[in-house]
């Protein structure tokens, strides 16, 4: 049946063959989602309330936490709707909007990780000018630049989805909408929509990760030139949390990319699991990493909850 993209709903899919266990699976996802909301919400509250954390490093961390919350809240309603309530239908406009925010926020997260690498580079390689370089105004400009890059760059491939005709099945392969999933159902020339995302991934994910790698090579070179062993360890320790977050994010990106590119014979369930790992593992792990590895965050959280307990 032929239908215009703006008039026909799509059907979301949970875990094929495991429909009987969807209610139990939904409990697991509910726990993960609640953990993500609690962890990132706590980070935002802590950075807002603790004036000791009003520094560039933590402002960027608050941007990362807000992005993770946004990404989580974008996928949570449909995933839990499919698994818990067996509500699979989604309007085309809602589907395309969800795809837009999912892809935009993914690029925003990459940009924030790049900005955090820049912060660590300045702090270690040019510490005397750290506060004069990373002023509040410059931090705001960096944040706005990351947001604009993420949200504007995804507009070109999403807009055509509203005008394509869809003559194939309207069943999507995930419990949320992705551009690459929707485009498979279109009966139109999708050459631009096939090529543009590849170029976008190269210019954002690949370029960001390359610049982050180069920045850490320069950081390591600077650290190794420090005479004091204790100072070297202290300098590197300030980078550990960010390095862990970068690895968590880009390993998930690479894993998902490899599965989609070379995993044609791999079970569809594996594809689904990798997509959930990509969208849920970094938002779940980021607050845990910073809470465990960053002394100021750890102490701030203990103080926050101790104060709250005493107050009640």
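Cβ coordinates are placed from backbone N, Cα and C, and glycine is handled just like the others.
Quick look at what TrEMBL annotates:
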type     : residues : note
DOMAIN   : 39-290   : domain 'G-protein coupled receptors family 1 profile'
TRANSMEM : 20-46    : transmembrane segment
TRANSMEM : 58-80    : transmembrane segment
TRANSMEM : 100-118  : transmembrane segment
TRANSMEM : 139-165  : transmembrane segment
TRANSMEM : 195-219  : transmembrane segment
TRANSMEM : 240-263  : transmembrane segment
TRANSMEM : 269-289  : transmembrane segment
Integer average pLDDT (0 to 100) for the domain 'G-protein coupled receptors family 1 profile' (39-290): 93
Segment-segment contact (the transmembrane segment (139-165); the transmembrane segment (58-80)) at 3 or more Cβ pairs under 8 Å: yes
Paired segments the transmembrane segment (20-46) and the transmembrane segment (269-289) in contact, 3+ CB pairs under 8 A: yes
Same-chain residue ranges lying at least 6 outside the transmembrane segment (269-289) that approach it to Cβ under 8 Å: 15-18, 32-33, 35-36, 39-40, 42-43, 64-65, 68-69, 71-72, 75, 102, 109, 173-174, 176, 178, 241, 244-245, 248-249, 252-253, 255-256, 259-260, 263
